[in-house]
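Chemist: Just lifted these from Swiss-Prot, have a look:
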BINDING   Gly9, Ile10, Asp11, Gly12, Cys13, Gly14, Lys15, Thr16  ATP binding site
Amino acid sequence: MGRLLVLEGIDGCGKTTQLQQLSSWLPKSGLMPDESRLVVTREPGGTALGTSLRQLLLHPPQDADPGPTAELLLYAADRAQHVDRVIQPALERGDWVLSDRFTGSTMAYQGYGRGLNRELITDLERIATRGLTPDMTVWLDIPLALSVQRRGSREEDRIEAEGLAFLERVSEGFSDMCKARDWVSVVADRPLLEVAEAIQTALLTRAAAWQR
């Protein structure tokens, strides 16, 4: 079996940039078996179906915004397809998968942010993932003010436009899960390369534990 690595965090935390850094470093790190490939993916939108769901979730037509429960179920559908068509087959081939978001984002945004029932979300996680859990999740932790500053004047999607109070609840959710789910926390309000090196060091440490 391969390995599933996940980057989590609020919008503007630098996930996309760090995903690119990690995807360049990993194949040369010596951590991956020679025969393994690296599959880089994201949620929502890691499959053809997921791409359509992403558009519906983040940029819906006028007057077609999904309600909170519908939103939760659409994210679960995206994840179920993602696990079934991309992640699980890759792991079974012995490949490594690097994903921009996974189950933690649903708990943070829909559980903490929207205030939906967290036990229900946990049950949906189990169904959508068929019990699959990441080998390592990295939470990129940044102050909310920096998140807002980094996003600047770019066009916001439907979730990003929810406002500061929503983002505060989401950030609290990520913090709680980092403690409860054995995630790795990386302070991300530093220069790009410092953050990348911190992630690499954390991964080397975790990989050493896998060998024990």
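Using N, Cα and C of the backbone, Cβ positions are placed for all residues, glycine too.
Provide an account of the burial state, proximal residues and distances for the features listed.
Modeler: Around the Cβ of Thr16 (ATP binding site), 11 further Cβ atoms fall within 10 Å across all displayed protein chains.
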Chemist: Show, in sequence order, which residues other than Gly9, Ile10, Asp11, Gly12, Cys13, Gly14, Lys15, Thr16 on the same chain lie with their Cβ within 8 Å of the centre of the Cβ atoms of the ATP site.
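Modeler: Here the non-site neighbours turn out to be Leu140, Ile142, Ser147, Arg150, Ala188.
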Chemist: Taking the Cβ of Gly12 (ATP binding site) as the centre, count every other Cβ atom within 10 Å, in any protein chain shown.
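Modeler: Excluding its own Cβ, the number within 10 Å is 20.
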Chemist: To which of the binding-site residues Ile10, Cys13 does the lowest count of other Cβ atoms within 10 Å belong?
Modeler: Cys13
Chemist: Let me make sure I understand the structure: which of the binding-site residues listed (Gly9, Gly14) has the fewest other Cβ atoms within 10 A of its Cβ?
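Modeler: Counting other Cβ atoms within 10 Å of each of the binding-site residues Gly9, Gly14 gives the minimum at Gly14.
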Chemist: Taking the Cβ of Lys15 (ATP binding site) as centre, how many other Cβ atoms lie within 10 Å?
Modeler: 22
